[in-house]
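Over in TrEMBL, the protein carries these features:
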- 20-40: transmembrane segment (TRANSMEM)
- 218-235: transmembrane segment (TRANSMEM)
- 242-266: transmembrane segment (TRANSMEM)
- 292-315: transmembrane segment (TRANSMEM)
- 335-359: transmembrane segment (TRANSMEM)
- 430-456: transmembrane segment (TRANSMEM)
- 468-490: transmembrane segment (TRANSMEM)
- 567-597: transmembrane segment (TRANSMEM)
- 609-631: transmembrane segment (TRANSMEM)
Amino acid sequence: MTSQSTHFVSYKQRHCTDIFCLILFIIFIIIYGFISLLAITQGNPRSLIQPSDSLGNICGQNEFDSKPYQLYFDISKCLTDGGLGFVCPTTKLCVNSCPKQYSHYQSLQTIEKAGYLSKNYTRQQLICMYGFNPINDNRTIIELVNNGLCAPYTIESEPFLGRCLPSIFINLFDYEQHQTLQTNISIEQINTNMFGINSISDVGRVILADLDRIKESLALFILVACILTLLYMFAVKQFTRIIVILTIILFLVILFLCSLFCWYTIYTGRDLVYEYSTVARIVNDFIKLRTIYKVFGCITTFLFFLSLFIICTLFDRIRLSIILIDQGTRAVFSVLSTIIWSPLIIIIYFLLILCIIYIEMCLSTVGKPIFRLIDNNQTIPCLPNINSTECVFQQEYGYDSLVLNGTDPITRNIIEYLVDNKTYLKWFNIFAFIWLSTFLFAFEEIVLAGVFSNYYWSKEHLTISCPLIYSICIIIRYHLGSIAFGSLLISTLRFIRIILDYISQKCSNIHRNIIIEFISKCFSCFLWLFEKFLKFLNKNSYVLIASHGYSFCKATRKAFFYIINNCLRFAILIHLTECILFCGIIIICTCNTYLFYQYLQWTDEYDQLILRWIPIVIILLITYLITSLFFSVYDMAIKTLFICFLQDLDENDGSIQRPYVMNNELLCLVHKTNIVEKK
């Protein structure tokens, strides 16, 4: 008799799912692509990269050869009024040097009016538009600033990428002697004298020089990080039970020791932390350490006994988690090509970020800077030039009749549309990034789910030569609509939260209402929790879509049913898996960083470094990234096998027509058997 058991649905047995959402996604891509193309053709992102003034002149070139630096009239607007764009809405000038002292127009006006200093001296402190001499003008300093002819203030600044930025941000690495980094100073002298660095560009140059000096060692230990990750996963595969038991014991021991230390300190009154830690003494001045010990001791004691109770009463569910973790490692090693899938998605994600940023820069620079002639408190459009004294900056980028003179009607309409709807288009760009990135990571998850569900339903004997390619082809051919549906739900929730946070921030600057702010925070928190649950539900739904070709709604309904009826199994499996993977990340990052440090010491490269801790931190972060990417595949394998196990348990009964697909170990654990057909 032909078996009717649940199985992995093949390529030819599937049909397209959620076609309407796929059509909606394609229309969205076409609209976004068209708007992006218009922004790219009309925008001028180079003006944001190169230092230039508000008239479009590039600093340090042509007639501004002696003025290589860009100065902002009011740099605070870059932080407060910039909104969603990259453009700083204030006048920009090219100057020959950055200001070296602080001055404010109201203070200068007061000093000049009181006669403490002469008019010539006070007005020499001002930085004004090209060709304008404030000394020869009879208007007050306040009037000059209000008319946009002079900067309202100057602060001590340093050049960074051709721009005058506050020294407080640039001189992060200044030292007491403020020495200049000289090329003829030896490495030993620099390390001994703490090498004064007077700009952040010098810091970047030093870091790049250090990394270039040890680039071979960095490449070697990036490879070592990959090897250590694979070795840890192989160790989990070979010694799953031992590693899980050791992880559980270690967790219990840590809880017990923390609890014991807290109650011992409270009972004896001897506080070792207070005796040997300065930080503890400072904390004790605000919150008594005894109170902290009581709270922490109660929490750790409760968690210790709760963990013991869970282990004793839910032992079978822990055994189930151990078996699935073991099968997850076997599945990953059966299809090692899945390991390169997550890094590939991350590379595409970074390319997407660069694309979105470029489009945002183009949207921010559509049109041309707008200037107005101020006459009797009225503004009249004008065309500025280098010698302009009255035609002053009013708006960073836009259009008017003078700016668009001589422009063909089509281009004129495009510029007017993009400028008039610039704010809405920037929000649209943000939503596009959220939806596309969510779609990308959902695509990653569903492809992995297809590979590992195929592994489960084929009884751990894959009959396909390239399961990853096969899964990709199935998803692209049939299930992009389901991915678009799931990612749209999450993107919409996230976008609503961003809008609410933006509105809340704007309202708090105008009028602070505690009740409204509390309601807003609660609603935002609710949306965040709902988004997290929806992401968890979607991840499990993708397993059913990838394995059986369900539509998104049907898969979500079944996944929700499995979660509700197996919540304890889900909780234990998820937390146990996260605990094991977290321990693995800590072990691998610590080992690789320590080995890298010892290797630099052994090769004498460590003594050649200037900022010695930077390469150590970089290799630590790279190791963490690599380990997280590898383990994300492992985590998806375990959760996929678990959903397949639950579906196997739900839809099969062990009969000849519908036998269980799970292995004998899982059959024994759930006390099920398959009826064998007699020959």
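The backbone N, Cα and C atoms fix where each Cβ goes, glycine too.
Among the recorded stretches 218-235, 292-315, 335-359, 430-456, 567-597, the one sharing the largest number of Cβ pairs closer than 8 Å with the transmembrane segment (468-490) is 430-456. Here the transmembrane segment (430-456) has long-range neighbours at 8, 25, 28, 32, 84, 327-328, 331, 334-335, 338, 341-342, 345, 348-349, 352-353, 356, 462, 464, 467-468, 470-472, 474-475, 479, 482-484, 486-488, 490-491, 494-495, 498, 538-539, 542-543, 545-547, 633, 636-637, 640-641, 643-645, 648, 661, meaning same-chain residues at least 6 beyond its ends whose C-beta is under 8 angstroms from one of its own. Looking at which of 242-266, 292-315, 335-359, 567-597, 609-631 has the most CB pairs under 8 Å to the transmembrane segment (218-235), the answer is the stretch 609-631. Note: the stretches the transmembrane segment (567-597) and the transmembrane segment (20-40) are not in contact (fewer than 3 CB pairs below 8 A, sequence gap of 6 or more).
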